[in-house]
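Read through the structure below, which is laid out as structure tokens, and then see the notes.
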Amino acid sequence: MLTQEEQTPLHIASRLGNVDIVMLLLQHGAAVDTTTKDMYTALHIAAKEGQEEVAAILVENQASVKATTKNGFTPLHVAAKYGNMNVAKILLQKESKLDSQGKNDITPLHLACHYDHSNVANMILEKGASPHLPSQNGHTPLHIAARKNQMDIASTLLEHGADPNAESKAGFTPLQLSAQKGHYDMTNLLIEHGADPNHKAKNGLTALHLCAQEDSIRVASILVKNGANVESETESGYRPIHVASHFGNLSMIRFLLKHNAQIDVCTNHNYTPLHQAAQQGHAHVATALVEGNASHNAKTKDGLTPLNVAQKLGYISVMEVLKGLPYDTQTPDNKMWEEKYKVIAPETLQETNFMSDSDDEGGSDGLINEQPYRYLTADLMKSLRDDSLPIDVTRDDPIHRQLSKEEKQEFTQSNNYCPPENFDSTDGINLGRLHFRSFLVSFLVDARGGTMKGCRHSGIRIIVPPRRAPMPIRVTCKLIKSNKVASPPSLMEGEALATRIIEMGPVGASFLGPVLIDVPHFAAIQGKERELIILRSENGESWKEHDNSHENDDSLFNTAHDTQMSASHTGRIMRIITTEFPQYFAIVTRIKQEVHVIGADGGILISSVANHVQAVFPPGALTKKIKVGLQHRRVGSWAHLENIFTECMSF
């Protein structure tokens with residue numbers, strides 16, 4: 001008998017650790033290596049669940065320790081992933097292959113390192129596993145330990161001869177991954193074992209460049225102390241001070257200048273650190289560089305000064321810093337002003353995280369559910385899917401979004417900056433009508449604003465008017481299920497979510513004025529009996545009602561909803577107005593509620609749904625002012641008179 005996922009009774013008994021049933025099934029001819037739909041044997045499942053007695057019985061009955069799943073993983077891979085050392089011992093006693101490589105060349109040692117199971121990693125290494133084998137993207141186990149700051153495992157790997165200068169396919173070493181993450185002790189450990197602080201990846205990035213990107217001063221101090229070159233250049237000519245200026249890391253800039261970094265050094269496109277700060281809208285960095293005597297007359301290959309760059313992109317705060325300085329020439333040729341500006345960016349390390357438990361990346365553990373079996377019902381059986389061992393090592397793509405030596409990233413709609421057709425170069429800000437662009441999960445917006453429509457989430461629309469973004473902001477917007485939030489909003493009787501929860505980013509981002517988020521919903525608002533409210537949560541733990549009022553007279557707020565979106569959603573669109581992003585918004589439908597502040601003087605609450613429904617508070621009934629809410633609910637003709645009520649609540 002098989003389940004929908006082709007599991008046999010032996011699979012289920014192995015998960016539950018029922019030794020007697022396992023022995024009984026084997027004695028009556030159950031095939032020990034029968035696989036599920038995803039090629040999992042009973043031994044794979046016992047390895048995951050840590051059922052060592054079951055594993056021992058299966059092995060004694062000739063279960064294959066070399067059997068692989070659809071993704072190429074052996075039972076030892078599974079035991080290593082879940083840290084089940086005793087099962088791993090049983091498998092190794094039966095000559096399980098130590099360095100077996102599954103999907104994307106992942107070995108059991110990779111898994112033990114990734115999930116921080118130092119005891120399993122130690123045992124596998126002592127049995128002779130190679131610490132040098134790379135995954136498909138070139139990551140060795142030491143790369144993983146360095147990135148995840150696993151000191152014990154890293155020390156063990158180094159003791160067993162792991163190479164601290166091993167390169168991934170993109171040329172990155174464990175030291176560079178550690179430096180990017182800001183791991184102070186790990187960086188120290190790697191340098192003590194011979195890691196090269198000046199090693200360059202294939203795009204020219206060094207560990208110090210990555211520290212400059214992340215503003216990791218402590219790690220940078222270790223690198224410089226051990227001979228890291230503050231003037232090292234990438235393939236595009238970027239030095240650490242360029243990178244720090246690009247990302248607005250003022251503390252790192254001061255650190256580099258203290259260690260004799262040149263302030264006016266140029267990239268291959270003749271961009272100085274001041275150009276980078278102006279391009280990104282970092283007024284505080286521009287101020288510090290000018291105070292440090294950076295040249296404000298320096299020109300790019302296109303003849304642009306830092307002030308010209310700020311003018312083209314509309315960064316008023318940067319323009320204020322640079323305008324009062326003496327210039328040799330104020331503007332480049334008129335021809336240059338007519339051309340679209342091309343953003344010049346440094347190389348970055350963006351190596352794909354090759355193992356993930358994220359549901360978005362297919363990392364759910366359905367077959368091997370974390371909840372113990374209580375009984376087997378039809379609903380439980382529906383949830384029994386095979387453990388996918390989530391490994392995402394499809395490519396070594398550390399720089400899939402970077403620019404090569406000869407490339408420039410064009411500042412056009414393809415980059416989601418949404419430059420309008422009537423862009424006015426005199427002040428760098430467009431005040432005309434915003435045009436729609438589409439985005440998947442995120443888009444970049446600057447001082448010129450933008451109107452973006454989600455192509456993934458039912459036409460959700462975000463409007464950022466001009467001069468609202470204080471600097472370039474990568475806006476993210478996703479609709480997620482309520483069970484993905486740590487503490488979903490608590491709903492009263494008669495309340496329900498009108499759409500999925502809206503996850504915004506960056507969390508805490510503030511704008512210089514209101515921005516709009518138009519969200520389609522599926523709530524049926526009949527007459528005046530129901531209403532929609534907006535809840536917000538800064539951290540996913542607590543919720544409060546969002547103040548959706550505004551005092552801005554901007555004509556943009558009077559524009560109609562997108563006609564195409566309105567047609568597809570029959571007008572069911574909720575407009576959120578906000579000046580800052582919480583982590584989550586939630587749109588809730590509820591029975592119409594009248595809310596007023598009533599104090600010791602008393603007062604009357606009158607329902608807008610039924611005027612004859614009133615709540616009267618005589619003088620002296622309340623000792624202080626409180627918010628009081630009134631809801632009027634209709635009930636069917638079947639209700640008894642005593643069950644008909646009007647709900648009144650205080651806040």
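Glycine residues also receive a Cβ, built from the backbone N, Cα and C atoms like all the rest.
Sequence annotations record features per position, and here TrEMBL assigns repeat 'ANK' to 5-37 (among others).
Secondary structure by DSSP for the repeat 'ANK' (38-70): 17 helix, 0 strand, 16 coil. Per TrEMBL, the feature repeat 'ANK' maps to 38-70 (among others).
Feature annotation from TrEMBL assigns repeat 'ANK' to 71-103 (among others). Confidence over the repeat 'ANK' (71-103), given as mean pLDDT on the 0 to 100 scale, stands at 92.
Secondary structure of the repeat 'ANK' (104-136) per DSSP (helix as H, G, I; strand as E, B; remaining residues coil): 18 helix, 0 strand, 15 coil. Annotation source TrEMBL lists repeat 'ANK' at 104-136 (among others).
What TrEMBL lists as repeat 'ANK' is 137-169 (among others).
What TrEMBL records for 170-202 (among others) is repeat 'ANK'.
Tertiary proximity for the repeat 'ANK' (203-235) is limited to same-chain residues at least six positions away from its ends with a CB under 8 Å from its CB atoms, namely 170-173, 175-176, 178-184, 187-188, 191, 197, 241, 243-244, 247, 249, 251-252, 255-256, 259-262, 265, 346-349, 398-399, 402, 404-405. Taken from TrEMBL, the feature repeat 'ANK' applies to 203-235 (among others).
Look at TrEMBL and you will find 236-268 (among others) tagged as repeat 'ANK'.
Taken from TrEMBL, the feature repeat 'ANK' covers 269-301 (among others).
TrEMBL lists 439-590 with the feature domain 'ZU5'.
Beyond the ends of the repeat 'ANK' (38-70), by six or more residues, the same chain brings 5, 8, 10-11, 13-15, 17-19, 22-23, 26, 32, 76, 78-79, 81-82, 84, 86-88, 90-91, 94-97, 100, 102, 367-368, 385-389 to within a C-beta distance below 8 angstroms of the stretch. Remote same-chain residues near the repeat 'ANK' (71-103) are listed as 38, 41, 43-44, 46-52, 55-56, 59, 65, 109, 111-112, 114-115, 117, 119-121, 123-124, 127-130, 133, 387-389, 391, 393 (criterion: CB distance under 8 Å, separation of at least six residues from the stretch ends).
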